[in-house]
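Trainee: Feature list, courtesy of Swiss-Prot:
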type     : residues : note
ACT_SITE : ARG210   : active site
ACT_SITE : LYS239   : active site
ACT_SITE : ARG303   : active site
ACT_SITE : HIS326   : active site
ACT_SITE : TYR335   : active site, O-(3'-phospho-DNA)-tyrosine intermediate
COMPBIAS : 357-367  : compositional bias 'Low complexity'
DOMAIN   : 169-349  : domain 'Tyr recombinase'
REGION   : 328-374  : region 'Disordered'
Amino acid sequence: MDGLGVRNETTFNDWKARIQSASRFEHVFDLATDRQRCTPDEVKNDSLWSKYMFPKPFAPTTLKSYKSRLIKIIFSLVEEADLQNPAYDLDREFDSVEFQHLLVSPKELCKRMLELRSVTKETLQLTINFYTNAMNLPEFKIPRMVMLPRDKELKTIREKEKNFMLKNAIDTILNFIDSKIKLMNSDYVHDRGLIRGAIVFCIMLGTGMRINEARQLSVDDLNVLIKKGKLRSDTIGLKRKRSRKNTLNNIKTKPLELAREIYARNPTVLQISKNTSTPFKDFRRLLDEAGVEMERPRSNMIRHYLSSNLYNSGVPLQKVARLMNHESPASTKPYLNKYNFDESSSDEESGGNNRDSSTGSSANSSSLYYQTGD
């Protein structure tokens, strides 16, 4: 064997027990651990107090982490040719740490540790910190803009979890509206906020409008949107739009039909003051009553959600911008894939920003169906 690729997790697992059971391991571990202490200068440099310095014991979990780091460091110090020698004694590596004789630079150690296994930037940095402290080396920082493969993998997992939560939240709210709020009557004052919140939520989900834009629509406006797929209006004001006549688009039909059904039974419920925080309070109450728990829920997450799904299903960015009533595609870009998932299948997509990673459509799901007008 030529030694290429020998520094891997399988080889590490073979060496791990041998490193930890080596006669010198505990002694070197105690030395390396003690070198992790950061003694304040006012104690260390004081002739009086330095004599009475009390070394605070490390927590068991900290010692366990340190031991794991030292094992990986010793393994990474071994040259590849020696890794293939079952009789190798590791004295060279233990001497390096004990007597602070540098064999491998921090950067080279990073390289070798990345060959060993996929780790996060934080984990690698902590291990390098342990190494530089143990060897009395200058601080070594992994560059700020670096994102390791494991970080990307975990980021994708977190995005999937977040997207599952958002999808489930929207479906839960729609089911709550369809089963409970649809039957409510605005004659009861306590129910009005929920009815308002439900209508505005469905309009936002069906058109991509902002919360204060959505509450301006009438039942007649919804009829036109559902029938024709778009609505041109000179009475509905849109944020950051200079044009007097604005075009609204039907992006999702089912939520608009649900909004119309509730709105037709309560035609005056959205007649509230123009400058009021009521719509936002209604939105939060709707989520609470539906049993949806979200950290810092924001109404504009629906616009982000719709933009991403349109873009990922193949709709050009310029058209997505037009559907969102943005003046420029540059305004739409920050929306993309913030709350993204593949609506066409039960499996979440793995590429957060990969244009080619999700090309499915969502026509099979009533609550997620969308249509676009030209």
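Here the Cβ of each residue, glycine as well, is placed from N, Cα and C on the backbone.
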Trainee: Would you mind sorting out which of ARG210, HIS326, TYR335 (the active-site residues) have a C-alpha within 10 A of the one on ARG303 (active site)?
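Mentor: Checking Cα-Cα distances against ARG303 (active site), the active-site residues within 10 Å turn out to be ARG210, TYR335.
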Trainee: Among ARG210, LYS239, ARG303, HIS326, all listed as active-site residues, which has the most CB atoms within 10 Å of its CB?
Mentor: ARG303
Trainee: List, in sequence order, those active-site residues among LYS239, HIS326, TYR335 whose Cα sits within 10 Å of the Cα of ARG210 (active site).
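Mentor: The active-site residues passing the 10 Å Cα test are LYS239.
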Trainee: Could you list the residues of the same chain, at least six apart in sequence, whose Cβ is under 8 A from the Cβ of TYR335 (active site, O-(3'-phospho-DNA)-tyrosine intermediate)?
Mentor: ARG303, HIS304, SER307, SER308, MET324
Trainee: Between HIS326 (active site) and LYS239 (active site), what is the CA-CA distance rounded to a whole number of Å?
Mentor: 9
